[in-house]
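To start, the structure under review is shown below, and the notes come after it.
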Amino acid sequence: MAEAEESPGDPGTASSRPLMRDLKAVGKKFMHVLYPRKSNTLLRDWDLWGPLILCVTLALMLQRDSVDSEKDGGPQFAEVFVIVWFGAVTITLNSKLLGGNISFFQSLCVLGYCILPLTVAMLICRLVLLADPGPVNFMVRLFVVIVMFAWSIVASTAFLADSQPPNRRALAVYPVFLFYFVISWMILTFTPQ
């Protein structure tokens, strides 16, 4: 008997292989951020899929629940999106101007993937905000945001610090600190309406 041909929509066809390959690559990069260690894997095989997913997820979670979104004072989706990408581009340009030996897209990749801990912090804070508001609620959120902020800094500097000249590492890390601080502040000050 002749073998049946696979149709283009079958899961086993060649069209699903690149998608699975990309998803596995994104998952491996998430693991590099969760367990930061000095490795060139995140720099060598850069992509912007993970940062895009994390940025969209964070922006959606920072959305207010109110119908009249113009009067709630919270960040809108586009504002969060622009802050994240403009901040990452600014840090990347700073790194290049300081003489870093990392490419533009490698830096964007690292900075974007290192938002993962802050995205997890936002998820935890949204869950904590389901409980009654009060000082204990705020202290739990503050603790979570501080830990995840530190995690993002450690993860990003593990990848980016070696790409800078030794006498300019502090100048390259300081904007990274400010970038993640602004995102952390947006997460900490978020309150649903």
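Every residue gets a Cβ built from N, Cα and C, even glycine.
Given the structure is predicted, the values throughout are model-derived calculations rather than measurements.
Along the domain 'Yip1' (33-186), the predicted structure has mean pLDDT 85. Marked as domain 'Yip1' by TrEMBL: 33-186.
Beyond the transmembrane segment (46-63), the same-chain residues lying 6 or more positions past its ends with a Cβ under 8 Å from any Cβ of the stretch are 22, 25-26, 29-30, 69, 74-78, 80-81, 84-85, 88, 103, 105-106, 108-113, 115-116, 118-119, 122-123, 126, 183, 186-187, 190. The transmembrane segment annotation in TrEMBL covers 46-63 (among others).
For the transmembrane segment (75-93), the list of distant contacts is 51, 55-56, 58-60, 62-63, 69, 104, 107-108, 111-112, 115, 175-176, 179, 182-183, 186: same-chain residues at least six beyond its ends, Cβ to Cβ under 8 Å. The feature transmembrane segment is assigned by TrEMBL to 75-93 (among others).
Under the heading transmembrane segment, TrEMBL lists 105-129 (among others). Packing against the transmembrane segment (105-129) from elsewhere in the chain are residues 29-30, 32-34, 42-43, 46-48, 50-52, 54-55, 57-58, 61-62, 84, 87-89, 91-92, 95-96, 137, 140-141, 144-145, 147-149, 151-152, 155-156, 159-160, 163, 176, 179-180, 183-184, 187-188, 190-192: each is 6 or more residues past its ends and has a CB under 8 Å from a CB in it.
As annotated by TrEMBL, transmembrane segment applies to 141-160 (among others). Under 8 Å from some Cβ of the transmembrane segment (141-160) lie the Cβ atoms of residues 32-33, 36-39, 42-43, 95, 100, 102, 107, 110-111, 113-118, 120-121, 124-125, 128-129, 172-173, 176-177, 180-181, 184, 187-188, all in the same chain and six or more residues away from its ends.
Listed as Cβ neighbours of the transmembrane segment (172-191) (distance under 8 Å, sequence separation of 6 or more from its ends, same chain) are residues 58, 62, 74-75, 80, 83-84, 87-88, 90-91, 94-95, 98, 100, 111, 114-115, 118, 121-122, 125-126, 129, 133, 141-142, 145-146, 148-149, 152-153, 156-157, 160-161, 164. Per TrEMBL, transmembrane segment is recorded for 172-191 (among others).
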